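Before any comments, here is the structure.
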Amino acid sequence: MAAHDDDMNRGIRPGRGSDDPSGQIAYLEQEIAVLRRKLADSPRHTRILEERIVELQTNLAGVSAQNERLANTLREARDQIVALKEEVDRLAQPPAGFGVFLTANEDGTADIFTGGRKLRVNVSPSVDLEELRRGQEVMLNEALNVVEAMEYESVGDIVTLKEILEDGERALVQGHTDEERVVRLAEPLLDITIRPGDALLLEPRSGYVYEVVPKSEVEELVLEEVPDIGYEQIGGLGNQIEMIRDAVELPYLYPDLFKEHELRPPKGVLLYGPPGCGKTLIAKAVANSLAKKVAEVTGQAQGKSFFLNIKGPELLNKYVGETERQIRLVFQRAREKASEGTPVIVFFDEMESLFRTRGSGVSSDVENTIVPQLLAEIDGVEGLQNVVVIGASNREDMIDPAILRPGRLDVKIKIERPDAEAAKDIFQKYLTERLPLHTDDLGEHGGSKATTVQSMIQTAVEHMYAESEENRFLEVTYANGDKEVLYFKDFNSGAMIENIVGRAKKMAIKDFLDKNQKGLRVSHLLQACVDEFKENEDLPNTTNPDDWARISGKKGERIVYIRTLITGKQGADTGRSIDTVANTGQYL
């Protein structure tokens, strides 16, 4: 259109020198018309251009977003390729091995043990050679160089320590099949005290032991503690307590006097007597008293002693040699404790169950090896101080004579059944003024608790020890035909007195709950005596009355017949024959 206008303009444009005004006017009018048309078309062109610009901007934004997405996709693809390459490289690497660090060398190398071989290898700069410890596990690369430090081994075999060798870095141990082996001590064991008998964790390939496993066979059979029982808590055994204190405490407290008089301290003490009369109680009080005496001598606030309470029947083992080994471990522990200057009591309760007379066995001859083992250990105590063996038994006639001879169990103390005076003393341990007493009983004695308690004890003891018709218990017939009537007092014990007081206390509690009458009464004690006697009516119910009589403290002529003289709770008939057996050695 512009070109057409230009042609038209050129066609109607007057010449340069034209003087025709009308022509010039026509030309100008045409110019004006053209300009007006151009002016009218200008907004439309502007709008078209603006729309085009917006369209181009929209296209540009879409292209930019697409370009960003492509860039992100490329980056993700690159990361995946890198990760896959690393995974491929990792999977293509040879496996890493493990070894045990032995020692570091001056040139920066290390000696290790791996694959059954001892090697000297290089150490990666990332590993601090000075931080590696004996027995520590290390990681190795394909060239068998140390590239990483690991932890100590935590699994392996259990072995028993026999002794530590002179260099302090090796030890002699024993495996479960009794084979002996020399092993190295890992760094953690060099800083702690280990003792023979401890269970250790062994890594068998490298020969290192790493830790003490909290499982010692001796601990399962030994109660290593100081009991809190004092002599003042034991009633009716004043003479026996004095004898055992002379045998146990004097040699420890006054060793110079014994040496001056050339007097050898006793190696052992045997406490024998019927059940429930205080044998175990005295043994526990010995350890407690020794601890207090140690404190007095040394000036310490609290003394220390050890009481190794051997659970005799649990010491027996069906495997040959196991019981003997356990006995050796027990005395090994005792020697170790005694070497520290601490008194040690090795207490064998129910001694006849372990150390029967050799040759008395029927189904086995285990005593033929157990007894010599104990004899060897007791004789070994001679060179040690502060170790005393105490045995307790109610069948001392079954213990091997070699154990009972002087020089082994030197002191033999019989723990008798309590008489009336001893029974009063025992009652006073359990029946005290601290207990609530019934107002009626207090009123009979002017409100005095002390007088009331003494009266209750006196009444109970008189009832227990009266040779009355109601206290008749047994009629025994001896082998020579003699007969004897035994009363309940003949079978009394400290344990029975404690049980009687316990019954009376329970009756007082029940009376308070039922009748709202608080306090212990003498009638409770008397009824408790009757109930206790009735519960013991089945005592002689055994196939061997002679063995039963020996355990109960009746020694002497052999008993062949027992007849009960008390009617049972269910009205059982009295007078039953009890047959004897030929072999009396296997009762226990």
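Each residue, glycine too, has its Cβ placed from N, Cα and C.
Listed in Swiss-Prot for this protein:
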| type | residues | note |
| --- | --- | --- |
| COMPBIAS | 1-10 | compositional bias 'Basic and acidic residues' |
| REGION | 1-23 | region 'Disordered' |
| COILED | 47-94 | coiled coil |
| BINDING | G276, C277, G278, K279, T280, L281 | ATP binding site |
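When secondary structure is read from DSSP and collapsed to three states, C277 (ATP binding site) falls in the coil class.
If you count neighbouring Cβ atoms within 10 Å for each of the binding-site residues G276, G278, the highest count belongs to G278.
Neighbour density for C277 (ATP binding site): within 10 A of its CB lie 28 other CB atoms from the protein chains shown. The C-beta environment of K279 (ATP binding site), restricted to residues of the same chain at least 6 apart in sequence and closer than 8 Å, consists of L271, Y272, G273, D349, A392, S393, N394, I415. Taking the centre of the Cβ atoms of G276, C277, G278, K279, T280, L281 as the ATP site, the nearby residues of that chain (Cβ within 8 Å, site residues left out) are L271, G273, P275, I282, A392, I415, S493, G494, A495. Averaged across the coiled coil (47-94), pLDDT for the predicted model comes to 87.
Taking a C-beta cut-off of under 8 Å and a sequence gap of six or more, L281 (ATP binding site) has these contacts in its own chain: I229, Q233, I234, G494. Residues near T280 (ATP binding site) in space but far in sequence (CB under 8 A, at least 6 apart, same chain), listed by position: F347, D349, A392.
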